[in-house]
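One structure is given here, and the rest of the page talks about it.
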């Protein structure tokens, strides 16, 4: 096997093992650690730390440690989060969430840098186009990595379904499930939703072991890529300093289109946060039991992956407007249905319909919003995608922060309001693009030297 491809596979399976653990654990946080909202508070802190980390840590660590050891060290931050769950309290889970958040950005940056250097190295030796090789390497990575959501949730469901505490959930407890929840720890008091400590420790043990295996795989089998340090230093030299990156991110808000896309970008964080933090707890765990959370999230992950592939292919024929309209209708219908539906164990199929529909719409939000940023801000991609990560993470932080403070129906109304606002501001962006596209009177006037004023929102 070609050496660079071997390294790509090592990284891919390392990430698969690591995120099999983290993905499954994230889905369970709101149900497993529901007391005083500890689980969702930890996720909120995690994403806040990730925002800070992404602004300055990656270039510093990659320059000092190189890609291999940055990946290995960052993976240890994820293991710390798994260990913090063994004795979940405000004194263990919040600090380990900060540690994970700080390690998240360097992990992904080092992975991207390593695959890019590996692709360039092989392309130079083989006399091939570097861009094509790099795309192939990233394709292999995501093909393997994307399945982590399935394996992590499958493990949690198989382990937690062994609980001997299963019992019929009373109608009184069922009344506290759904949009008009009772704002209590019903999910912990129902017999069906309380797995024994031994099962929880078994699950956490498997997740921790999976993370440790990921680190060992990287440390033992991943090569310190040839000229890794030299190439990395070149990359870092090209990378703007923290302050210049920070300033460029916010200077990009002078572009009115970027300002108008903030609600849409934040909505991506809101809707993902609702599914992971509220739907899993107040609908699934409350009415069926915690052991069903994994199966439901597998449904979401599978549909999301398939639709991402599908919509990525058909978008060239349908255009993004039609796909955004489909996502809006699907999400709106789901939100209204969740407001009206009273979850009951006898309607088991319905519990899987909602994450399937959510997967359809989320695949559009992810693929088309990223594509939209790439098209609109082709000359300022770094600042644009920095804004994307910033505002999406802000959506996650806010969604998890108010998760324990508001009833679910209020959160659904907030979700619906943000969605409507997102589509209005997105519509304005499309209008501005149509007005300024070649061939329109306004655009022709600009091209012919007519008056033009820069639109700003800062």
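Glycine is no exception: its Cβ is also placed from the backbone N, Cα and C atoms.
Here is what TrEMBL records for this protein:
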TRANSMEM  39-57  transmembrane segment
TRANSMEM  69-88  transmembrane segment
TRANSMEM  94-117  transmembrane segment
TRANSMEM  137-160  transmembrane segment
TRANSMEM  199-222  transmembrane segment
TRANSMEM  289-311  transmembrane segment
TRANSMEM  323-341  transmembrane segment
TRANSMEM  410-429  transmembrane segment
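Between the transmembrane segment (289-311) and the transmembrane segment (137-160) there are at least 3 Cβ pairs closer than 8 Å, counting only pairs 6 or more residues apart in sequence, which means the two stretches are in contact. Only pairs six or more apart in sequence are counted, and the transmembrane segment (69-88) with the transmembrane segment (137-160) gives fewer than three Cβ pairs under 8 Å, not enough to call it a contact.
Remote same-chain residues near the transmembrane segment (199-222) are listed as 6-7, 10-11, 13-18, 20-22, 24-25, 32, 68, 71-72, 75-76, 78-79, 82-83, 85-86, 152, 155-156, 159-160, 162-163 (criterion: CB distance under 8 Å, separation of at least six residues from the stretch ends). In this chain, the transmembrane segment (137-160) does not touch the transmembrane segment (323-341); fewer than three CB pairs sit within less than 8 A of each other, excluding pairs fewer than 6 residues apart.
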